[in-house]
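Undergrad: I'd like to ask you about the structure that follows.
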Amino acid sequence: MHKILVRSNYKPLVGQIKINGSKNAILPIMAASLLSSSSVVLHNVPDLIDVHLMSELLEGLGAKVNFMHNKDHKANHTLETDCSNINNYAIQYETASKLRASFLMLGPMLSRFGKARTAFPGGCNIGKRPVDMHIKALEEMGAKIEIDGYNIIATVKGKLQGRKITLEKISVGATENIIMAATLAEGVTTINNAATEPEILDLIEFLKKIGADIKINNTKVIITGVKKLNGCIHKIISDRIEAGTYALAAIITNGKLVLEGINLSDIRCIANELEAIGAMVELYDGSIVISRKNGSIKSTNVATDPYPNFPSDMQPQLMSAMCIADGISVIEENIFENRFSHADELRKLGANISIKKNKAAINGIKSLSGANLYATDLRSTAALVLASLVASGETTINNSHHLWRGYEAMHEKLNSCGADISISP
């Protein structure tokens with residue numbers, strides 16, 4: 001069982017933190033490399049558990065994957081894939097069941113090879129995350145999809161066919177899967193009510209580089225199928241969720257952090273909320289500087305919604321800040337129905353939180369106290385680390401392996417700015 005030990009010294013975090021490439025961008029782009037018959041070189045790739053899991057899945061199909069490392073065995077953040085000789089069409093069950101993004105391989109596999117076998121995807125336990133919209137859209141495009149227990153067997157006679165598809169609700173994963181499936185389909189596919197997150201725009205940019213014909217107009221995406229896709233070199237966008245998490249670390253500890261490698265436009269929907277709770281967000285020499293304006297953290301009312309609104313992936317971390325804010329804050333979770341598991345753990349630190357359906361009310365208190373905590377998913381682990389930075393004494397976070405699915409070397413980055421965090425197996 002992996003553990004994180006945080007010793008609070010009430011020290012404001014001060015320093016510089018380099019923001020890595022986006023977890024939510026690299027995974028669909030790695031899946032999209034299946035569409036290419038040539039090698040693909042990706043830069044700014046974060047060294048995360050999920051990236052290694054996706055690499056295993058690609059290699060299991062016959063792809064060559066090289067995640068280059070320096071002499072000290074640390075990743076230099078360049079990954080090369082070669083999917084020119086795929087010889088297996090069954091995605092590894094055990095690995096796929098650990099990784100939500102494994103389902104994004106279905107569209108590319110069907111589009112290029114006409115067949116695929118996979119498992120229902122894994123990932124964080126944050127409530128129902130159905131794949132019915134993915135399946136429905138692929139069936140509309142001509143795929144035959146059968147469910148056999150936990151397995152999904154998909155085939156198509158000939159090529160997938162372009163269709164007009166309207167998503168019943170905005171879905172990042174469904175939008176990505178349909179776009180990838182449509183790139184090698186016959187005819188034109190139009191997606192209405194598509195998600196427009198920066199990570200999707202990065203996927204589209206990558207697909208265009210390898211030869212896809214894609215146009216986007218607000219929430220409408222139009223893909224004209226082509227016969228073949230090639231290789232390219234592409235740099236992954238920076239991780240806005242990682243940036244937002246470290247920004248909150250500065251605010252919670254009343255410190256000052258310089259976030260390098262991220263543009264303000266990348267995190268505007270997050271920065272707006274940070275400014276509302278009393279953060280000062282400044283630009284300096286191409287970086288973003290985060291600190292408190294003055295005094296204490298302000299309470300807020302916020303709802304998570306699809307981009308460009310406040311992201312669900314930042315909700316747990318914001319809740320940690322609200323635990324020590326002035327007044328009562330209300331957070332409404334509109335994306336996932338089971339994303340308040342961190343509230344029980346924050347209460348162990350002394351936080352005053354009440355939950356009613358999809359709303360959490362947080363009555364801010366002056367201080368938190370260290371405790372023995374149990375993490376349940378990626379973002380909740382990050383939230384517990386943030387709260388532990390200002391909890392008196394020592395805090396132990398069990399099941400902390402979740403953190404490495406989305407944050408590269410978080411403890412090292414925070415320690416370089418004054419935190420006292422250690423890791424045990």
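Just so it is clear, glycine is given a Cβ too, placed from its N, Cα and C backbone atoms.
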Undergrad: Which residue of Asp132, Asp148, Asp313 does Swiss-Prot report at the same UDP-N-acetyl-alpha-D-glucosamine site as Arg100, Ile335?
TA: Asp313
Undergrad: In angstrom units, rounded to an integer, how far apart are the Cα atoms of Asn24 (phosphoenolpyruvate binding site) and Arg100 (UDP-N-acetyl-alpha-D-glucosamine binding site)?
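TA: Rounded to a whole number, the Cα-Cα distance is 11 Å.
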Undergrad: Work out how many Å separate Arg100 (UDP-N-acetyl-alpha-D-glucosamine binding site) and Lys23 (phosphoenolpyruvate binding site) at their Cα atoms, rounded off.
TA: 12
Undergrad: If you run the three-state DSSP split on Asn24 (phosphoenolpyruvate binding site), which class comes out?
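TA: In the DSSP reduction, Asn24 (phosphoenolpyruvate binding site) maps to helix.
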Undergrad: Over the residue list Arg100, Asp313, Ile335, recorded for UDP-N-acetyl-alpha-D-glucosamine, what is the maximum interresidue Cα distance in Å?
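TA: Farthest Cα pair among residues binding UDP-N-acetyl-alpha-D-glucosamine: 16 Å.
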